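Reading through the structure tokens given below for one structure.
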């Protein structure tokens, strides 16, 4: 194995990608001081995992990245790759070539790669461990390594010898095992503490658990007996309730028959009323016909009046026509005189028009001559004005250029101001940078003060963590208690919800109907009355008693829906059920409104409950005539005052029935069908409150845990801060260097801005010169344009004279045209008037004959109108006779209506009698219903006890029923069991589970303690084995290295002797190592008594001895022979050649003797300041070419 190549990019003074290739011989890297040749050894050290910036000759890791020069910007990352030959499989990898790469970004991120696969730093360290390579090995030997060997502290030399002995991997494993052992010991202490705590709980919980188990045995026996006794009572109660139910059903049936008879009477009365309405409608129809005929008669009378008026109008028109004939005789003579006057005027107008037309022709000829002269003058004027426009446009362009130059001058002025402002800001930034540098110095002093106060802070954080631990435990206990309470309420809610879902407490028929409706087989089923109503707790008992059996009535949409449900019950033999169709149920009318003012009046039953408005008629029917009273006294007083006409129920469930009967006694306080929903709602509210409390408790637990975590974090942070403060001081120093760079950058920027100011001033001068030239051109162009304008004005004046002459000619022509037009208009008007006069004269002649014809027509029309009046009077007589007949028909219908009204009154009397009979039946049904309700309540009490005591429904309880010898004997045993349970005292049922949990925890921790103890023993054994193996290997290798050291020393020094000695041979793994040497011709000395050159040569001899015993694949030596004289350099170089067959050497040197022994020379130069470049010379090729050696 050997080093094949080194690739560097962005590392220190190598910004560009640089590749160094190596052969299996000696390579020397040479160059002047400061050229960057030692950066190559730093690059190799860095890529092999070096983390110390001091070892890399820097202040911070960012310093390894190329920092830029005056000509080149800084880079954002540094990357170095090491290519190693692995054909000998030194590394446990299949590849024959291994590339190790390290990349570091200026942001602080670091990456490692092996064969271009991302790995950890640990993986890189393990790759080189025990190979002599790596940051702790001896493959890179510089002045630092020489100093380590020559250190006064002999213990500092151990790392080199351990790596050479090959026990670094063992030491790493031993340290890891010791860390595991320390953690195991801590776990063992923690487990023992928990076991001690649990031992205090186990025995008390054991006693409580046994007591709880005994209680459970007694409780189970008591449970079986009580369930069986209660079921026996329930069976006897149901047996007696069946006869009561049969009587109740018969009474309801009879009540239904009476109700049907009453409804028949109501229907008969309604039939008579319908016939009466029909008679009224028929009479009303006849009256409507009479009104229509009377309207026809009125129309005839109006028509006769109109005809008579038209006759009178015709007579008046005839008289007017006669008068007009007499007037026309005088007008005919006047029209003939006017015609003669018009003809004379037309002759005069024709003569005048001929004279005007001759005058107009002369004026038009003069106008043509003036127009021709004006055209010639206009052409000359347009040419002058065109030249003037060209000059004016050129002047405008010059002015635009002048504006552009002004804008450019302003822009330069603005930039000058901006640059000067930037200069001022730069000065301000420079001042700020200096202030920040001073502040960094203050922060450095503050960091040192903080370091001294951290110990007190850590003590306070420790006390705070203990307090937060106690608070967290208390919050967790409170949360567990609320959780148990919430579970109990949730169990009760689940039980009540199941009862609601299963319609517990409803009859079998109701359950069957609702089940079928929920499956979608019965339509339009709204549900039982009790499920459609919400009753406040205060009125629950009163409303439940008032409703009685009606709570189990089922509301449906129509009779058809009720019929379908009844047929279903008949098919299933499911019992009986009452259905309330929404479309037929009538609301009750409570007329005794004065009762609301009576003492103790609470309200009407349907007004004290809440329900969907759709069911208003249902609950009005059921509760609309039921008054809720405060107590029995108020109810009795109210019933007496209103004659026992309505039902009254007190708040505690006592009933005063219509008619005077009373029902009362004790009422079960357990949850009924109505109050069950209220209890469920109340429990849900309680559950939400508990849930809110538990959420608050959970938040308290989380807060306590956060505080505990925060306290632990604060403690950990404080402990970490002590270690970080030194790093903070280093960062503050780095900030100072950063500020220095900023100052330099700001000075450079200031110089650039000053140079830009000079450029701006030069451009401003050029702009001023261009502006002067533009103004001169504008002045010349404007003068030329003014001269052309003056000449054009002269031409325009001559044109104005021609225009005046032309206007005079045009005005004369216009006057003549206007006068001609006026004469033409007068001529046309005279001709029109003459035509009209002649036409009027002809009309007067023809109009006379027409008017005589009109007189004859008026006489003819009056004869026709007289005949029409006779026809209308005949129709009017017919209508009057028809209306007399219709009045007789109305009188007959009124008599028939009176007969029907008598029949309806008879039916009303019979319905009142039947209604009284029905009320009697309703009272009987009510009494039976109260007995039925009382039986149901007693049954409910037993079922409630089953549920409240044991959370069992009737069906579930029957599965746990036992066969009893006798009820009295069972009841006596129940008493004995209750006394025995009472004698046990307080029972903690949770103790069973708690004991099991704690005992399991105790058993688990005990086993865990044993496992941890075994792990501890095993780790101690492993550490002992590793230690023993390390001692054996180190002792063996140390002896070999010691012998090799003596031989190497003898060869290099040409005599003398050298030995290595352990300071404490009983502790060879930890003791220091002493180097004793005796140069030729001198006494035996310790290392510290030698000269500087001798010390360096001894260190070189020791490293050569180590390489002889455990050769590394390659070795980098960075000017380690610098302190030697020329003779010793020659010896060093020859020995280097002697060992080159086992180890590849890369030597950084400036000594001639070392260079001469090298096979390849890499020259490092710095042609550009701050940037290193390579020059390669293969000396073997040179020797072959020059045929020298």
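Including glycine, each Cβ sits where the backbone N, Cα and C put it.
What TrEMBL annotates here:
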BINDING   32, 33, 34, 35, 36, 37, 38, 39  ATP binding site
COILED    167-208  coiled coil
COILED    308-485  coiled coil
DOMAIN    523-639  domain 'SMC hinge'
COILED    680-843  coiled coil
COILED    869-938  coiled coil
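Taking a C-beta cut-off of under 8 Å and a sequence gap of six or more, residue 39 (ATP binding site) has these contacts in its own chain: 11, 12, 13, 14, 1172.
Cβ neighbour density within 10 Å is lowest for 33 among the binding-site residues 33, 35, 38. Excluding 32, 33, 34, 35, 36, 37, 38, 39, which define the ATP site, the same chain contributes 13, 31, 1164, 1166, 1172 within 8 Å (Cβ to the Cβ centroid), listed in sequence order. By neighbour count, meaning other C-beta atoms within 10 Å, the densest spot among the binding-site residues 34, 36 is 36. Secondary structure from DSSP puts residue 38 (ATP binding site) in a helix. Here the binding-site residues are 32, 37, and the one ringed by the most other CB atoms within 10 angstroms is 37. Break the domain 'SMC hinge' (523-639) down by DSSP state and the numbers are 61 helix, 22 strand, 34 coil. In this structure, residue 33 (ATP binding site) belongs to neither helix nor strand by DSSP; it is coil. Averaged across the coiled coil (308-485), the predicted model reaches a pLDDT of 69.
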